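Features as listed in Swiss-Prot:
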SIGNAL    1-18  signal peptide
DOMAIN    19-210  domain 'Albumin 1'
BINDING   HIS22  Cu(2+) binding site
DISULFID  CYS99-CYS114  disulfide bond
DISULFID  CYS113-CYS124  disulfide bond
DISULFID  CYS148-CYS193  disulfide bond
DISULFID  CYS192-CYS201  disulfide bond
DOMAIN    211-402  domain 'Albumin 2'
CARBOHYD  ASN251  N-linked glycosylation site
DISULFID  CYS269-CYS277  disulfide bond
DISULFID  CYS289-CYS303  disulfide bond
DISULFID  CYS302-CYS313  disulfide bond
DOMAIN    403-601  domain 'Albumin 3'
DISULFID  CYS416-CYS462  disulfide bond
DISULFID  CYS485-CYS501  disulfide bond
DISULFID  CYS500-CYS511  disulfide bond
DISULFID  CYS538-CYS583  disulfide bond
DISULFID  CYS582-CYS591  disulfide bond
Amino acid sequence: MKWVVSFFSIFLLNFSESRTMHRNAYGIASILDSSQCSAEMNLVDLATIFFAQFVQEATYKEVSKMVKDILTVIEKSTGSEQPGGCLENQLPAFLEEICHEKEISEKYGLADCCSQREEERHNCFLAHKKAAPPSIPPFQVAEPVTSCKAYEENRDMFMNRYIYEIARRHPFLYAPTILSLAAHYGKIIPLCCKAENAVECFQTKTSLITKELRESSLLNQHICAVMRNFGPRTFRAITVTKLSQKFSKANFTEIQKLVLDVAHIHEECCRGNVLECLQDGEKIMSYICSQQDILSSKIADCCKLPILELGQCIIHAENDGKPEGLSPNLNRFLEERDFNQFSSREKDLFMARFTYEYSRRHTKLAVPVVLRVAKGYQELLEKCSQSENPLECQDKGEEELEKYIQESQALAKRSCGLFQKLGEYYLQNAFLVAYTKKAPQLTPPELMAFTRKMATAAATCCQLSEDRQLACGEGAADLIIGQLCIRHEETPINPGVGQCCSSSYANRRPCFSSLVVDETYIPSPFSADKFIFHKDLCQAQGVALQTMKQQFLINLVKQKPQITEEQLEAVIADFSGLLEKCCQGQEQEACFEEEGPKLISKTRAALGV
């Protein structure tokens with residue numbers, strides 16, 4: 001699964017330059033010349049993406065009208081002589097079009113946003129985006145006869161409608177990714193329409209697109225949340241790490257140039273600025289391919305692909321190997337300089353260079369692990385600057401930096417050991433118990449969804465070679481925890497979760513690992529209704545039966561978050577005995593009515609609830 005791989009690879013999707021040449025804090029300029037124009041863009045599809053993502057509940061007819069109106073506005077404001085690929089920032093005009101359609105803005109609860117101006121208006125619209133709005137059902141591909149007929153009658157409208165349906169269901173998905181997957185879908189249609197078994201063809205091929213959509217959408221939402229909550233400094237550190245691993249033979253200045261453009265393009269993509277998101281992404285991908293000799297030996301085949309496929313290919317390309325001649329470690333990287341005498345700007349530059357050098361020497365480490373090492377190194381330098389012998393202090397401390405890698409390796413080994421012993425289902429149950437204790441405020445479906453992803457990640461990562469398990473597991477955990485933190489941002493869960501989500505990006509996963517029980521949680525009064533058993537427990541099979549058992553497990557832990565492992569094992573054994581006794585008899589319902597309350601009474605007495 002793509003999301004199991006370190007999510008930070010998505011940072012290579014797009015890089016950009018601003019409408020005016022921009023520089024970072026160290027005076028390093030953007031790579032690209034802002035006077036260069038990109039290829040002609042399909043503004044109809046881009047405008048459709050914008051309106052479908054910002055007004056998700058709008059009908060296709062309503063979106064099409066707004067698209068037509070905004071294109072008229074753009075043509076008037078840019079003039080016929082200006083190429084479509086050189087559009088200035090049109091974001092305010094797009095938002096104004098939504099507000100101009102008062103019936104639409106009022107109908108879909110956006111009138112409060114329209115009463116605001118400029119940045120406040122934009123932020124209000126962004127806040128209204130919902131990852132899974134309940135009013136929009138999951139997308140279903142029409143049966144082949146209908147799809148093939150519609151495609152043949154008007155291909156452009158058919159594909160534009162598909163783009164609309166995808167964009168409204170994935171409001172955080174970057175425009176280039178939507179267009180790339182739509183292009184893939186466009187290739188599937190004629191093939192499957194000619195296939196002997198069109199239904200099977202569509203089901204098989206579109207399932208891959210659906211999976212890619214879901215995973216890419218989660219990645220993009222995750223990236224935007226990281227940028228929003230941890231700010232540009234953390235985002236730059238993340239990007240320095242990933243780019244230094246991906247392009248390990250590039251020099252530091254080249255990496256810094258790329259980092260500058262990464263930050264800008266992701267800011268625009270997260271803002272929903274579809275025009276710049278696509279246009280600048282195309283430019284930077286062209287630049288990367290023109291600089292293969294100094295960047296990477298792994299992207300030659302990618303650079304032969306069409307521009308929309310190019311980005312996804314580079315994302316999945318292997319990291320370049322460790323350059324020859326690099327020293328194995330970075331001992332005394334500071335030399336004899338006094339770190340505390342550096343200015344804030346000098347400290348940032350020094351740490352960026354340390355992160356660059358460390359990352360290109362450790363191309364298989366997960367990004368959060370590298371950042372934990374870098375954070376630990378900075379804390380070490382600040383401490384040693386106060387000591388009588390700074391160099392000796394550094395020498396001892398640098399050896400201790402390995403603890404961050406060792407902690408992550410130990411967790412990966414422990415998780416994979418549990419997976420091998422328990423299997424995916426029982427490993428999920430272990431995660432369920434742990435996370436119900438950490439976050440008992442979550443609903444049973446939420447707990448089951450989060451822990452199912454954890455167990456699936458373990459099943460995937462633990463099949464890999466040992467040297468790849470760490471990066472796989474840390475990357476997956478970072479994404480899942482990121483989703484949990486987005487959930488906390490929407491509706492606060494508890495102080496412990498809040499602390500882990502906001503204090504340090506690098507230490508988010510270790511923080512969650514160290515959480516045990518939410519001591520602020522007060523269980524609701526015992527309700528026998530949550531522990532009534534019926535004969536459907538005997539009739540259920542597979543996933544349905546597992547879900548019923550997990551529901552019981554969650555309710556049990558929520559009733560007593562401090563439950564010990566021994567107590568839990570005893571209750572589960574009693575529960576299994578109840579199932580065996582009642583399901584083997586003829587009067588199953590009567591058995592549950594008689595024996596169920598006995599089990600609950602025994603459990604309550606044992607747990608003191």
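Every residue gets a Cβ built from N, Cα and C, even glycine.
Keep in mind that this is a model prediction, so the values were computed, not measured.
Shown here: features listed in Swiss-Prot, placed on the structure.
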| residue | record | Cβ within 10 Å |
| --- | --- | --- |
| CYS124 | disulfide bond | 16 |
| CYS277 | disulfide bond | 26 |
| CYS302 | disulfide bond | 21 |
| CYS303 | disulfide bond | 16 |
| CYS313 | disulfide bond | 16 |
| CYS485 | disulfide bond | 23 |
| CYS501 | disulfide bond | 24 |
| CYS511 | disulfide bond | 18 |
| CYS582 | disulfide bond | 23 |
| CYS583 | disulfide bond | 14 |
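The Cβ of CYS148 (disulfide bond) has ILE189, CYS192, CYS193, ALA198 as same-chain neighbours under 8 Å, each 6 or more residues away in sequence. Within 10 Å of CYS99 (disulfide bond), counting C-alpha to C-alpha distances, fall the following of the disulfide-bonded residues CYS113, CYS538, CYS582: CYS113. For the pair CYS201 (disulfide bond) and CYS313 (disulfide bond), the Cα-Cα distance reads 24 Å. Counting other Cβ atoms within 10 Å of each Cβ, the disulfide-bonded residues CYS289, CYS500 show the lowest value at CYS289. CYS583 (disulfide bond) sits 59 Å from CYS277 (disulfide bond), taking the Cα positions as reference.
Cα separation, CYS511 (disulfide bond) to CYS269 (disulfide bond), rounded: 29 Å. On the 0 to 100 pLDDT scale, the domain 'Albumin 1' (19-210) averages 84 in the predicted structure. A 10 Å radius around the C-alpha of CYS582 (disulfide bond) takes in these recorded positions out of CYS114, ASN251, CYS289, CYS462, CYS501, CYS538, in sequence order: CYS538. DSSP assigns the residue listed as 'N-linked glycosylation site' to coil in the three-state reduction, outside any helix or strand.
A distance of 12 Å separates the Cα atom of CYS591 (disulfide bond) from that of CYS538 (disulfide bond). If you measure from the Cα atom of CYS538 (disulfide bond) to that of CYS313 (disulfide bond), you get 49 Å. Neighbour list (CYS416 (disulfide bond), Cβ cut-off 8 Å, at least 6 residues apart, same chain): ALA458, CYS461, CYS462, GLN469.
With a 10 A radius on its CB, CYS269 (disulfide bond) counts 28 other CB atoms from all the protein chains. For the pair formed by CYS500 (disulfide bond) and CYS485 (disulfide bond), distance between Cα atoms is given as 9 Å, rounded to the nearest Å. Put simply, CYS302 is the one of the disulfide-bonded residues CYS114, CYS124, CYS302, CYS501 whose Cα lies nearest to the Cα of the residue listed as 'N-linked glycosylation site'.
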